[in-house]
Amino acid sequence: MNAWEVNFDGLVGLTHHYAGLSFGNEASTRHRFQVSNPRLAAKQGLLKMKKLADAGFPQAVIPPHERPFIPVLRQLGFRGSDEQVLEKVARQAPHWLSSVSSASPMWVANAATIAPSADTLDGKVHLTVANLNNKFHRSLEAPVTESLLKAIFNDEEKFSVHSALPQVALLGDEGAANHNRLGGHYGEPGMQIFVYGREEGNDTRPSRYPARQTREASEAVARLNQVNPQQVIFAQQNPDVIDQGVFHNDVIAVSNCQVLFCHQQAFARQSQLLANLRARVNGFMAIEVPATHVSVSDAVSTYLFNSQLLSSDDGSMMLVLPQECREHAGVWGYLNELLAADNPISELKVFDLRESMANGGGPACLRLRVVLTEEERRAVNPAVMMNDTLFNALNDWVDRYYRDRLTAADLADPQLLREGREALDVLSQLLNLGSVYPFQREGGGNG
């Protein structure tokens, strides 16, 4: 059956700032306390969506979350009106204010893990929300992510959206950023690779930085998504590269159709994994980048592998890269060698995503891949699909509500909270989502 990959990109939120919240993500730590530009961040992301949509790659948008998220501050014991809560937390515990103001939901590769209908036992598209248990600021995302996905994939005959796994370390799940799918055409059954960093009883794990994904979580997600057991491989990420800043697998590998583009050191027991894939995936091609060409350190600093590998109608592939790759002589030299070599990659597309990159999120972090048949695509909420009208409406919306300068101190401004709620109220109507945000259901909005 014919099917297409639709990239659902996260729209950067109004409180995008640099707080260094993500230990193990070296860009996040390095840019801590720098001044951010939320308006520019949102526009950089929107431009990527529009350019790819114009090039014929189906694109859609997933909206930001409510931030600062006051209900969590109340759970932490701060009392009073919303304004009083903001004032108290800013004075007594500013780190909590930064955490509940994080715009991290923009990286929707961590929103959920997807199983296309061609891979599932019941023939539905399954989406399991990620619990993002390893980082407090990200663990807050799951309930609203679930509401948003149910508003976008709202046809229960075709889509099953599953709640996140329990919030415990044993079941730490980081979503599609630790998941790849390999196979022929999108509509054909594929081989799903669930990548984990640690498992109970196995001493092979990183020592410097945390392994955010557990094998136990990956196995549970595969069950929830009803993936045919014959179409699943569980693979461990190389703990040594986690300790070098590869906090998700999409920082060291990316797949599309029959191609796996990865670093030579991406996986534990890599030669064994690739042999297994060659035996089980027709036409499988591994493009392994040797450490002598690109070091793990350079891969992390440029986000070479946090790229999007997209299929054109003629079977060739485009690699979507951050500008940092072009600015690194060694990486750019390797990429031009790659273009000249015998493989399906025939085009490089470069985007300026510096605002997201400075927090450790490249092109692949910003998108959730969902393979859909034509019938399934028609069942998706049409208001989120990117086109000229939506692009212009979202640009105008960003111009109206987003600030062009934000520091950690600005997060305590009650006006920022009011601006954010008004903006999301308008956006949820524009995208026909209903009342997906807690403040709307509490009577604070019109959505």
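Glycine too: its Cβ is placed from the backbone N, Cα and C atoms.
The model shown is predicted, which means the values in this text are computed figures rather than measured ones.
Taken straight from Swiss-Prot:
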ACT_SITE  Glu174  active site
ACT_SITE  His248  active site
ACT_SITE  Cys365  active site, nucleophile
BINDING   19-28, Asn110, 137-138, Arg212, Asp250, Asn359  substrate binding site
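Neighbour counts were taken at the CB atom with a 10 A radius for the recorded positions Arg138, His248; the maximum falls on His248. Recorded residues His248 (active site) and Asn110 (substrate binding site) have their alpha carbons 9 Å apart, per Cα-Cα distance. Close to Glu174 (active site), meaning Cα to Cα within 10 A, are the following recorded positions out of Ala19, Leu21, Asn110, Asp250, Cys365: Asn110. Separation of the C-alpha atoms of Cys365 (active site, nucleophile) and Ala19 (substrate binding site): 18 Å, rounded to the nearest whole number. Around the Cβ of Asp250 (substrate binding site), the same chain contributes Ala109, Ala176, Ala177, Asn178, Phe305, Asn306, Ala364, Cys365, each under 8 angstroms and 6 or more positions distant in sequence.
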